[in-house]
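Undergrad: Submitted below is the structure of interest, expressed as structure tokens.
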Amino acid sequence: MDANEAMSSLGDPWRKPWQMLMYFLIRIPSEVIPSWQMMAIIFIGAEPKHRCRLPDAVSPSEAIPYRKVSGERIYDSCVVYENYSSATNRKVPCPLGWEYEQDSYTITEQWDLVCSDNYGSESTQMFLVIGVIVGSLTVMPIADKFGRKRTFLISACAGNLVLFVTAWVNNYYVFIALRLLVGVFLQGTMMPAYVLSCELFPARQRTMAGVILMQVWSVSLVVLAGLAYFVRNWRHLLIITSFPGVFMIPLFWIIPESVPWLIANNRLEEAKQILHKAARWNKVELPQKYRPATTAAPLTRVSAAENEQNCPLMTKEEGPVSVETTTQYTMVDLFRSRRLTVNLLVMFYLWFVICLVYYGLSLTSGTLAGNKYLNVCLSGAIEIPAYITCAIVLKYLGRRWPMFVFFSIAGLSLLATLVIPQTTASGTDLSVLIVTLNMVGKFGITATFGGIFLYTTEIFPTTIRNIAFGLASAGGRMGSLASPYSTYFLRVAPWFPGVVFGTMAIIAATLTLLLPETLGRALPQTIEEVENWNGRKERPHMEITVTVVGKVEKEKIPGKI
């Protein structure tokens, strides 16, 4: 039973109700839930303005060092004068703790994650990313064994339950442990759902199915900013963002298991039942071989002579038998080819830069000048045109040069923010320009995020594609792991993240030119095909296999893939 042929028998998936309904029921929650779980730290981990708490009878102007900016006193956040008197001129850490601006209540205020402990908020996010990495190593084997649907839904419900419990904890280290667990379930929500949604489609349409709803993540960031604006308490915000888990429970009875997975695990009758239901929804006639036993045509008695006549494979005629052997490729084979080695190393770096800069800009968007809720909203909204632009440009202009341009846009705009002051000598506020350049940088890096999945798939041969993709995307995990500390460095050295992000993006743009162009090429099947690529584009082709009495002949015919 051929899975690809079975899914094709249901008709055009973009015009049939069953695939569309299941696709949206799977992809929307699998984008919204992880985005809220990962990005809520922008608000719940924000560092409010603070200064040392003082005894009632002590004035801040006497006890706390300060500097004047535009005539306004800016008090030091972490020290006071010894004995609360500037006469000693000796500074000591806050002996009575801190007072916080009462604009919102965050985990930073909950556990005093400021001054010498001001990396604490970023550490909670780092442990979430570690959980994501652990999940990436464990979830897909579980999904392969027990099914995509079950893994996806259980992870989504469990992750939201852990998130709900997290809202009630009073211990920082318990909070960190639960964040790690949320990260594991976050990956268990995203990856099986991604595969499950793609497997609703025939193979040729799975690339589009994989990327078409990436904008849901962007929209969910906009919604998160709106929720955080009205819900300023970190506990309440976590409770609200865990609520979508309730809506996942009915999906256990609504969405189906992956038909390709059922076929691969020889659960053919279950696959046929799903196909039969989908065919009724789509109002298409299902081929007899895909119908379940309860709807199959009635059996008829066939004589032995008729049976032998209709089944030539049972005759006594002998002919040549062809036996096909396959070669198992390993990670070592990637490094035996110079071309593949270059592709892998460049892709590893590109993944690292994309994830570092994308998540770094997302997490620091709340620290930009102006209203942090509006800035986060804009940071999410700018991703929507970025993904649309990426899809159009990659389709018509190729991969290499568009990726070069997108990386360059990100790098140059971020470096430009370093040379623009907050205010001019005449007092003109340039913070809007700086925020705009940051958004342009976010646009560029988001566009590369939209293209890197497709590009990585196309430059490695089928024989070793999964291994290469896993190794290249490991760079992305390393970038994600480092990204939470961008907010820490922004406080310590405000210029540092811009220099790192901008410079690394420019280097990535340059390295992209070392990769081959893949527009107009068929997906490579062997290592030799990739090694033989040159600047000339190949016309896409179809491969037709014709079997004639034990002899297999293949012919490549120009046409659409």
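Even glycines carry a Cβ here, placed using N, Cα and C.
Curation plays no part in TrEMBL annotations; they are all automatic predictions.
Take a look at what TrEMBL says about it:
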| type | residues | note |
| --- | --- | --- |
| DOMAIN | 75-520 | domain 'Major facilitator superfamily (MFS) profile' |
| TRANSMEM | 21-46 | transmembrane segment |
| TRANSMEM | 126-143 | transmembrane segment |
| TRANSMEM | 150-169 | transmembrane segment |
| TRANSMEM | 175-196 | transmembrane segment |
| TRANSMEM | 208-231 | transmembrane segment |
| TRANSMEM | 237-255 | transmembrane segment |
| TRANSMEM | 340-361 | transmembrane segment |
| TRANSMEM | 373-394 | transmembrane segment |
| TRANSMEM | 401-420 | transmembrane segment |
| TRANSMEM | 432-455 | transmembrane segment |
| TRANSMEM | 467-489 | transmembrane segment |
| TRANSMEM | 495-515 | transmembrane segment |
Undergrad: Other than its close neighbours in sequence, what residues sit by the transmembrane segment (126-143), given a CB gap under 8 Å and a spacing of at least six beyond its ends?
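TA: The answer is 37-38, 41, 151-152, 155, 176-177, 179-188, 191-192, 195, 477, 480-481, 483-485.
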Undergrad: Counting only pairs 6 or more apart in sequence, are there at least 3 Cβ pairs under 8 Å between the transmembrane segment (432-455) and the transmembrane segment (373-394)?
TA: yes
Undergrad: Given the cut-off of 8 Å on Cβ pairs that are 6 or more apart in sequence, determine whether the transmembrane segment (208-231) and the transmembrane segment (340-361) share at least 3 such pairs.
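TA: The answer is no, given that the two segments have fewer than 3 Cβ pairs within the 8 Å cut-off.
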Undergrad: At a threshold of under 8 Å on Cβ distances, which of 21-46, 237-255, 373-394, 401-420, 495-515 pairs most often with the transmembrane segment (175-196)?
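TA: Per the Cβ under 8 Å count, 21-46.
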